[in-house]
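Q: Sharing a structure with you now.
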Amino acid sequence: MPSAFQFQCHLILIFLAASKGETRYLEVRDAGEDEPFLLLSEDLKRELSAGQMYRRSLRCIDMLSIEGQFTFTADQPQLHCATFFIGEPKELITVEYNFVNIDCQGGDFLKVFDGWILKGEKFPSSLDHPLTTSQRYVDFCESGNIQRSIRSSQNVAMIFFRIHQPGNGFTVTIKKNTNLFPCNVISQTPSGRFTMVIPHQHRNCSFSIIYPVVIKISDLILGHLNGLFLKKPSIGCAGVGDFVELLGGAGLDPSKMFPLADLCHSFHGSAQMKIGCENTVLRMVSSGKHINRVTFEYHQLDLQETEMRKENSIEEFCFPSI
């Protein structure tokens, strides 16, 4: 049975795609008839292609993957609200305040967070983000007119808000910008293909897939000799400086997940792994001395599948938790 974390994440992503045509199309390779990811309505497609700004009201708990202008108006005291924003892997999210009518002195707040938080766990983790946790929050009640536009560092962001007085609320405009070298990413879909490039930068980058998956790494360039090591007490990539690790777990924060395998050296070929965890993360650690690149593809794991694939497959993990 799925955990509360997995249920919340799947509910958010399903809600994102299935809200009656109000979200952008999420492409799912080999999608079946029962897939929850739906096409945009034809009317909305025509509206967006004509260059008109998309507008709608926000719910207390909401999810957005489309640019536009969004308004929240409280019809009763709303004390625990959040809106999650997500873009394509190569997009950054910009949140602009157009109108804010809240009572900061009366306990209201409106905060943008650079990333996502679920049940106290953050993505990206504190180890993988250029800002401290406190710097990742931008509180309207503290910044006011000083900072009315906030851009995320990755393809996800969110706002928290609390409004006591009915009739009060705010309007924000959501825009997206191209990120030439995407670092930390949450995948919108359970399948896809991605190439992560870190060009001479000392940083850590994580690609998160909130599904059990089969992940296949087809190309890894780290500037080292060939090699692939499973995670063991006496074997690993400590001291190498540049490596890729596969992580699995039941939460959102990669730093709290279980390390499954290390890839310490460059190779061309195929390394495949079945990961039955509720969240799968491919994380690249870069010293800044090389142009590091990894190409991988993934698809949702069929839990009825019992026969291991023969091509360079390595051990299965996390199946007891599914």
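Keep in mind that glycine also has a Cβ here, set from the backbone N, Cα and C atoms.
Curation plays no part in TrEMBL annotations; they are all automatic predictions.
From a predicted model like this one, the values you see are computed outputs, not experimental measurements.
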Q: Cys81 pairs with which of Cys60, Cys104 in a disulfide, per TrEMBL?
A: Cys60
Q: Give me the Cα-Cα distance between Cys104 (disulfide bond) and Cys60 (disulfide bond), rounded to a whole Å.
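A: Rounded to a whole number, the Cα-Cα distance is 18 Å.
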Q: I'd like to know the mean pLDDT over the domain 'Corticotropin-releasing factor binding protein N-terminal' (52-177).
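A: Within the domain 'Corticotropin-releasing factor binding protein N-terminal' (52-177), the model's average pLDDT equals 93.
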Q: State the count of C-beta atoms found within 10 angstroms of the C-beta of Cys141 (disulfide bond), not counting that atom itself.
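A: So the Cβ neighbour count for Cys141 (disulfide bond) comes to 15.
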Q: Relative to the Cα of Cys183 (disulfide bond), which of the disulfide-bonded residues Cys60, Cys81, Cys141, Cys237, Cys318 has the closest Cα?
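A: If we rank Cys60, Cys81, Cys141, Cys237, Cys318 by Cα distance to Cys183 (disulfide bond), first place goes to Cys237.
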